[in-house]
There are 2 protein chains.
Amino acid sequence: MKVSRVYNFSAGPAVLPESVLREAAEEMLDYKGTGMSVMEMSHRSKAYDTIIKEAEADLRELMNIPDNYKVLFLQGGANLQFAMIPMNLMKNKVADYIVTGQWAKKAYNEAKLYGTVNKIASSEDKTFSYIPDCSDLNISENADYVYICENNTIYGTKFKELPNTKGKTLVSDVSSCFLSEPVDVSKYGLIYGGVQKNIGPAGVVVAIIREDLVTDDTLPGTPTMMKYKTHVDAKSLYNTPPAYGIYICGKVFKWLKAQGGLEKMKEINDKKAALLYDFLDQSNMFKGTVVKEDRSIMNVPFVTGNDELDAKFIKESEKAGFVNLKGHRSVGGMRASIYNAMPMEGVEKLVDFMKKFEEENA
Amino acid sequence: MKVSRVYNFSAGPAVLPESVLREAAEEMLDYKGTGMSVMEMSHRSKAYDTIIKEAEADLRELMNIPDNYKVLFLQGGANLQFAMIPMNLMKNKVADYIVTGQWAKKAYNEAKLYGTVNKIASSEDKTFSYIPDCSDLNISENADYVYICENNTIYGTKFKELPNTKGKTLVSDVSSCFLSEPVDVSKYGLIYGGVQKNIGPAGVVVAIIREDLVTDDTLPGTPTMMKYKTHVDAKSLYNTPPAYGIYICGKVFKWLKAQGGLEKMKEINDKKAALLYDFLDQSNMFKGTVVKEDRSIMNVPFVTGNDELDAKFIKESEKAGFVNLKGHRSVGGMRASIYNAMPMEGVEKLVDFMKKFEEENA
Ligand SMILES: Cc1ncc(COP(=O)(O)O)c(C=O)c1O
Ligand SMILES: Cc1ncc(COP(=O)(O)O)c(C=O)c1O
Ligand SMILES: [Mg+2]
Ligand SMILES: [Mg+2]
Ligand SMILES: [Mg+2]
Ligand SMILES: [Mg+2]
């Protein structure tokens with residue numbers, strides 16, 4: 001099979017490890033002698049049971065997830081979590097949100113359907129180009145939780161330190177930084193994300209929730225499918241799960257283990273990001289849009305300061321095999337998403353291309 | 001690639017056309033020269049836009065969907081629809097349910113979270129082995145809709161005639177008979193199903209809804225993701241859709257068109273089912289569990305009347321390459337799901353095997 005691959009800088013769905021895709025292709029018609037594709041497999045079968053259990057076990061190992069946390073594979077995308085979180089956790093009907101981008105803002109607006117929601121910090125004043133100081137915020141006394149979006153996909157910022165929640169439960173959307181570096185799960189009540197950036201194909205959400213937060217006491221009118229308890233009790237098999245997506249996630253977990261785990265991934269990701277940021281910092285044409293100390297190592301937005309030049313860069317880079325570098329419409333310019341599966345070589349070649357472009361257009 | 005395939009009679013996830021799987025495998029690393037897998041593709045990209053638009057257009061053509069119906073690709077499985085339907089349609093907070101199996105019953109119970117729900121007919125008295133007469137039911141005067149599960153996957157019954165709803169909106173779960181025969185969409189307000197039986201991999205729901213039922217006036221507390229209007233307005237791209245699953249569904253739609261469309265599929269499906277039912281009717285060992293006139297052409301439950309013999313049959317059939325013939329735990333015995341992608345040959349060989357088994361165990 002002759003295959004020509006591009007360097008795909010999409011913010012999500014995004015690049016996956018080539019070896020994972022090759023395995024999936026090889027197993028498509030006959031998964032390990034079962035005589036069928038994983039797509040055709042009953043989710044109650046022995047073969048699938050092994051797939052989903054191994055996926056969970058590998059994720060637990062990678063993230064060092066404590067025993068008192070449940071791991072769930074859910075449907076509906078991160079957007080469904082924006083409602084599921086308040087429906088399950090808002091016992092006092094109060095929550096505090098830190099708004100550092102469009103996704104945090106959407107979660108904040110959705111939560112308002114269910115109770116009193118306080119915006120306790122925001123960086124909207126400067127187009128979300130920084131993370132506010134969260135060391136001593138005015139946390140509501142009866143807040144059921146404090147919510148953050150830990151890596152802001154669109155703006156390219158990242159919480160380098162978790163907010164001081166003053167003892168309140170921390171809920172975090174890690175969609176765009178999932179498995180990019182080690183995390184201390186015990187600091188969170190709920191940590192979740194859509195898998196379509198760093199883990200697998202769209203259609204699966206991984207949610208990791210502390211046991212004591214899983215209760216039957218949800219808001220009136222909460223659909224059965226939107227109770228965490230439903231899925232905890234059924235071990236993510238209450239109904240037919242997004243089985244093929246979970247299978248691919250499982251392969252990515254094994255790939256991450258083979259790379260050396262999350263410490264190693266952080267090392268690699270830091271290097272990849274430094275390569276790009278160092279170039280941006282010395283370039284006279286390109287510059288990053290985010291304050292240095294809050295820079296994401298996953299999503300790197302940058303601009304030339306000239307819309308026409310931006311457009312020219314995007315066009316020429318695409319021709320050269322660097323695709324999806326156009327920035328989100330709300331920021332403009334460019335954005336390179338350099339998730340786990342983006343090889344170092346991809347970033348090196350991008351920087352070379354940027355250098356050349358700068359010379360040619362100086 | 002040496003591949004050995006079994007005959008997979010799973011009720012869902014279920015067998016898919018082999019040619020579809022082959023194409024998916026071939027395109028896994030490089031979809032039509034894009035240099036990436038469909039799994040890696042931005043759902044806002046041009047290539048993906050073509051995929052999802054063609055999928056919708058092909059489905060519209062196959063089902064002859066009138067222009068005043070919207071086609072949605074959703075997440076959450078049929079189970080999420082059990083709540084989404086009342087949340088969107090229960091303007092008077094009253095609905096009538098016809099309970100012909102576990103899935104209708106689950107939908108009925110879920111709807112009770114949102115209003116007054118009347119069980120206007122049921123076949124539970126005889127283990128759901130028939131479809132009740134629905135020609136003159138006591139439809140509630142202010143019912144917002146009448147709900148059915150059109151093909152009962154577990155019990156193997158099918159509505160051969162739609163209920164007389166006396167002018168009320170008909171809502172139908174067609175998960176296990178989707179695209180198995182032509183339907184007159186105009187008779188329904190909402191027709192929906194999980195795709196994991198007859199169309200594609202688990203994780204996608206197709207919902208076809210009449211325009212006038214799509215309103216902003218949903219029950220208080222309805223999550224944004226659970227408003228049909230959200231997805232209608234965004235053409236199924238409000239958030240990241242289960243993109244790879246939709247791509248596979250699209251391939252199945254094209255496969256169905258190549259087979260000759262739904263008239264042709266009905267012809268083939270009728271033949272396949274007749275082969276199996278005719279054998280059951282003349283066999284002294286095996287018998288179907290459903291009254292003749294309500295038999296499903298997709299799910300065929302049968303028993304020997306002897307639990308040990310059933311177990312022996314299941315064991316030996318599996319060894320012979322006929323898998324997932326065990327009946328649902330609530331019916332026992334066997335069930336052969338013979339969806340669109342099950343070739344005639346699979347049913348022929350199964351019947352041959354049953355004959356031989358009967359001879360050897362007479
Ligand atoms: C941080 C973050 N949260 C949430 C979302 C929304 O996820 P979904 O499309 O799965 O609802 C995205 C991107 O799509 C994201 O980047
Ligand atoms: C007729 C019918 N409705 C609903 C369901 C439930 O679907 P899901 O698992 O996608 O929620 C099934 C089977 O799984 C079914 O056969
Ligand atoms: Mg953001
Ligand atoms: Mg610079
Ligand atoms: Mg049923
Ligand atoms: Mg008989």
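The count begins at 1 with the first shown residue.
Including glycine, each Cβ sits where the backbone N, Cα and C put it.
All annotation found in TrEMBL is predicted automatically rather than curated by experts.
Quick caveat, the model's predicted, so the values are computed rather than measured.
From the candidate list A:Thr127, A:Thr153, A:Thr215, A:Thr218, the residue TrEMBL records in the pyridoxal 5'-phosphate site shared with A:Trp103, A:Asp173, A:Gln196, A:Asn239, A:Thr240 is A:Thr153.
Residue environment of A:Lys197 (N6-(pyridoxal phosphate)lysine) contains 31 other Cβ atoms, counted within 10 Å of its Cβ in all protein chains. Proximity to chain B (Cβ-Cβ under 8 A) holds for A:Gln196 out of the recorded positions A:Arg44, A:Trp103, A:Thr153, A:Asp173, A:Gln196, A:Lys197. If you compare Cα positions, A:Lys197 (N6-(pyridoxal phosphate)lysine) sits closest to A:Thr153 out of the binding-site residues A:Arg44, A:Trp103, A:Thr153, A:Asn239, A:Thr240. When the alpha carbons of A:Arg44 (L-glutamate binding site) and A:Thr240 (pyridoxal 5'-phosphate binding site) are compared, the span between them is 9 angstrom.
Taking the Cβ of A:Trp103 (pyridoxal 5'-phosphate binding site) as reference, residues of its chain lying under 8 Å away and at least six apart in sequence are, in sequence order, A:Ala78, A:Cys149, A:Asn152, A:Thr153, A:Ile154, A:Asp173, A:Ser175.
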